[in-house]
């Protein structure tokens with residue numbers, strides 16, 4: 001039958017792809033430079049200001065219990081201590097930040113309206129933030145890891161960044177991302193590679209990996225990321241922090257590079273990344289501007305009244321790694337806790353269309369926009385401001401050490417050459433039925449648990465073997481559903497565990513409320529180098 005033939009073909013294709021990737025990886029290991037660190041773990045946090053949420057810091061600053069200058073200086077000291085080990089921040093604005101903090105302290109000293117006025121008008125007054133380098137932040141680079149954009153300096157702020165600044169936040173600098181934001185390891189030829197704060201030999205994820213790493217290291221408290229296939233959630237997972245991919249169309253995506261094209265504007269989301277769950281809702285309500293009103297974020301959520309579902313894996317795609325046993329176990333533990341604490345029944349489900357997550361993501365990302373124009377190709381983006389990039393020639397140059405691009409970027413440009421311009425009707429049908437099924441299942445009171453990624457943070461460059469694993473996150477960009485990434489303690493190796501919390505469209509407050517509960521139940525972010533993190 002056709003289905004059996006398809007399944008057999010998929011199996012052979014899976015084996016073939018794995019063989020090709022193994023050969024590439026063997027070659028890569030011959031040529032790749034080895035990283036060496038004299039130090040094997042992060043220094044412990046000694047300043048207690050670094051262990052407060054952004055909301056707690058804002059309150060203390062408004063009440064004059066601590067000065068903004070002290071908080072900003074504490075974070076600058078921490079960045080200077082850890083950044084040589086993790087390479088997360090790629091350009092700082094420390095002296096400007098200290099001047100802005102001094103102005104905040106002066107403003108608070110002179111404020112006559114009292115604390116309430118400040119809280120209402122400037123909810124983040126005096127709190128430091130970090131921003132992914134792909135976003136425009138005035139006076140900072142915005143290269144997205146392209147050598148040809150190395151001299152570019154932003155003259156304006158991206159709208160999401162501007163809203164946080166208008167709420168009183170003080171940017172400390174910009175953080176690393178993958179080349180052109182399209183890979184799950186934050187590595188490029190301009191800034192180098194970012195390390196995971198729990199184990200320097202492992203990846204921080206991507207594309208918002210510098211942001212994930214600096215937050216996980218306790219060198220930032222809140223930050224800005226973007227996500228078209230998991231670029232907020234994967235780094236949040238690998239670095240043990242919280243992140244939220246909002247419902248589509250709530251937070252502006254303007255002011256980031258590369259701009260989305262084709263149908264991609266409907267899949268790209270800008271959102272908050274943070275160490276403490278209580279900062280997610282305030283950040284989202286600021287970043288969303290007037291659109292945030294659609295989410296009813298201030299409404300109380302009674303978790304006992306929600307319907308919970310758990311999907312343990314994607315049903316076994318041949319393109320994707322099986323889910324790590326420790327992650328399966330962590331998700332089961334969440335189910336048991338929810339049932340014991342809330343008296344709810346969590347229903348375990350298997351959703352067959354999820355098996356085609358990567359194919360659905362790839363098909364929709366390559367689809368022409370409403371104007372009939374195809375999206376900008378990856379090779380075109382790589383050619384920005386320089387010579388045209390020919391992917392095969394670029395790969396040859398890479399092997400000889402002459403390419404100004406990463407292997408991952410060249411690989412993506414090569415894959416595009418073989419993409420059919422005619423989407424498979426079978427895949428489109430899978431997408432439609434999955435969309436309908438999940439929207440009906442979740443409604444306005446459903447919450448779904450799903451693995452964030454099949455593997456715990458992999459070693460550097462290893463994702464080249466498993467390029468489709470991001471489809472665990474990417475599928476929800478295509479479906480436009482909000483997702484909160486939530487840490488669940490550490491693995492046996494001392495690496496973060498976690499889970500995605502998915503809800504219906506515009507029901508973001510349900511997953512955010514669940515994240516607050518899970519932070520209490522599982523302890524939230526854990527300081528690296530402490531609490532069983534790898535020695």
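Heads up, the Cβ atoms here are built off N, Cα and C, so glycines get one too.
Sequence-distant neighbours of residue 132 (active site, charge relay system) (same chain, six or more apart, CB under 8 Å from its CB) are 174, 175, 177, 207, 208, 210, 211, 223, 224, 225, 226, 256, listed in sequence order. Under the heading active site, charge relay system, TrEMBL lists 132 (among others).
Look at TrEMBL and you will find 207 (among others) tagged as active site, charge relay system.
Per TrEMBL, the feature active site, acyl-ester intermediate maps to 231.
The domain 'Amidase' annotation in TrEMBL covers 70-510.
As annotated by TrEMBL, transmembrane segment applies to 12-32.
Annotation for residue 231 (active site, acyl-ester intermediate): same-chain Cβ neighbours under 8 Å, separated by at least 6 residues, are 177, 181, 184, 206, 207, 208, 225. The domain 'Amidase' (70-510) scores a mean pLDDT of 96 in the predicted structure.
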